[in-house]
Amino acid sequence: MNASAASLNDSQVVVVAAEGAAAAATAAGGPDTGEWGPPAAAALGAGGGANGSLELSSQLSAGPPGLLLPAVNPWDVLLCVSGTVIAGENALVVALIASTPALRTPMFVLVGSLATADLLAGCGLILHFVFQYLVPSETVSLLTVGFLVASFAASVSSLLAITVDRYLSLYNALTYYSRRTLLGVHLLLAATWTVSLGLGLLPVLGWNCLAERAACSVVRPLARSHVALLSAAFFMVFGIMLHLYVRICQVVWRHAHQIALQQHCLAPPHLAATRKGVGTLAVVLGTFGASWLPFAIYCVVGSHEDPAVYTYATLLPATYNSMINPIIYAFRNQEIQRALWLLLCGCFQSKVPFRSRSPSEV
């Protein structure tokens, strides 16, 4: 009888302990919160409590008996799918430029740099998903997030370099082509990639919020001060691109006006071409701004205590810019279209005329 009572008491203690653990997990923001947030860190208790910043380690959920499986966040799945599409598109562009001697010109070197940066960004999104759920650790988180920062910084820098190249090709049309060399373009890209790599190494070298959770940004483990620097750099790049595209539009309209004076009227073909060119520039800049501006603004005004869904909802569209870049800067180009046909069809003779286009053409 005493043994039965003791067994009953032990069972009650186990039940009470289990209920207390479940309540504690719920209070700490566990699976019962019902929100799409980031996976909670394994050592959350030592970090000072849960918050809404984008975490980089996975939360464990119950699987088969004796096995714990990571609970997959649907937002992370979307980012991984986006990264897969980005990597596939840009890998094709890099392969086309690398395998076609006619595409090894300064203009296509810039496009190749953009495609390489976007390819690395896509691979980084895939690796982030894999490591987050298979090898969750703070060291791996720092490496993957630094890799993504460097890749996206190189992508934005390459876009700026392409914009500068287009502006100079129009503003100094008579002398720019003779002065522009592959060596100069390579030196420019080497400088931009060095700066981008430095921005990506900062979290790994210690500029992170692992030691002080209150200093975290909306993307953990990036420190709020580091994210503020990245956002300020983006706003500066966006402002320069906006100014240059406005200047490009002014040059285009001035050339159209000169043609009109020579011909005493602006012929409909010239007017249509001018409007089309200005419209294309608006699409290019609008796509870039619509993709990155929401995330850059939220990085400045957001807090690590805000729901993580806000971070995901602004970060996902930012990745779409790397998905659209190959379409805008590569696949619309006739030389790349011809190289693609030759790659897919072997000795197929494309009917697309091989005409060298200037960097001012989108």
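Cβ coordinates are placed from backbone N, Cα and C, and glycine is handled just like the others.
Summarising the annotation, Swiss-Prot assigns topological domain 'Extracellular' to 1-74 (among others) and lists sequence analysis as the type of evidence.
Taken from Swiss-Prot, the feature N-linked glycosylation site applies to N2 (among others).
Under the heading N-linked glycosylation site, Swiss-Prot lists N9 (among others), citing sequence analysis as support.
For N51 (among others), the entry in Swiss-Prot reads N-linked glycosylation site, with the evidence type sequence analysis.
Sequence annotations record features per position, and here Swiss-Prot assigns transmembrane segment to 75-94 (among others).
Summarising the annotation, Swiss-Prot assigns topological domain 'Cytoplasmic' to 95-106 (among others). Sequence-distant contacts of the topological domain 'Cytoplasmic' (95-106) (same chain, six or more residues past either end, CB-CB distance under 8 Å): 112, 115, 165, 180-182, 184-185, 330, 335-336, 339-340, 342-343, 354, 359.
Here Swiss-Prot flags 107-130 (among others) as transmembrane segment, drawing on sequence analysis. Long-range contacts of the transmembrane segment (107-130) within the same chain: residues 56, 76-77, 79-80, 82-91, 93-94, 97-98, 144-145, 147-148, 150-152, 154-155, 157-159, 161-162, 165, 182, 185-186, 189, 192-193, 196, 319, 322, 325-326, 329-330, 333, 335-336, 357-359, each at least 6 residues beyond the stretch ends and with a Cβ under 8 Å from a Cβ of the stretch.
For 131-142 (among others), the entry in Swiss-Prot reads topological domain 'Extracellular', with the evidence type sequence analysis. According to DSSP, the secondary structure content of the topological domain 'Extracellular' (131-142) in residues is 9 helix, 0 strand, 3 coil.
Marked as transmembrane segment by Swiss-Prot: 143-164 (among others).
For 165-185 (among others), the entry in Swiss-Prot reads topological domain 'Cytoplasmic', with the evidence type sequence analysis. Averaged over the topological domain 'Cytoplasmic' (165-185), the predicted model reaches a pLDDT of 82.
Taken from Swiss-Prot, the feature transmembrane segment applies to 186-205 (among others). Sequence-remote contacts of a segment are chain residues at least 6 beyond its ends whose Cβ falls under 8 Å from one of its Cβ atoms, and for the transmembrane segment (186-205) they are 109-110, 113, 117, 142-143, 145-151, 153-154, 157-158, 160-161, 221-223, 226, 230, 233.
Positions annotated as topological domain 'Extracellular' by Swiss-Prot, on the basis of sequence analysis: 206-230 (among others).
Annotation comment: Swiss-Prot describes 231-249 (among others) as transmembrane segment. Cβ atoms under 8 Å from those of the transmembrane segment (231-249) belong to residues 153, 156-157, 159-160, 163-164, 166-167, 170-171, 199, 278, 281, 284-285, 288-289, 292-293, 296-297, 299-300, 360 of the same chain, restricted to positions at least 6 beyond its ends.
Residues or ranges marked as topological domain 'Cytoplasmic' in Swiss-Prot (evidence: sequence analysis): 250-277 (among others).
Sequence-remote contacts of a segment are chain residues at least 6 beyond its ends whose Cβ falls under 8 Å from one of its Cβ atoms, and for the transmembrane segment (278-304) they are 51-53, 156, 159, 209, 213-214, 216-220, 224, 227-228, 230-231, 234-235, 238, 241-242, 245, 248-249, 252-253, 310-311, 314-315, 317-318, 320-321, 324, 328, 362. Per Swiss-Prot, the feature transmembrane segment maps to 278-304 (among others).
Per Swiss-Prot, topological domain 'Extracellular' is recorded for 305-309 (among others), and the stated evidence type is sequence analysis. For the topological domain 'Extracellular' (305-309), DSSP puts the residue distribution at 2 helix, 0 strand, 3 coil.
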Seminar exercise, completed: Three-class DSSP assignment, C345 (S-palmitoyl cysteine), comes back as helix
Exercise. Among all the protein chains here, how many other CB atoms are within 10 A of the CB of C345 (S-palmitoyl cysteine)?
Worked result: 10
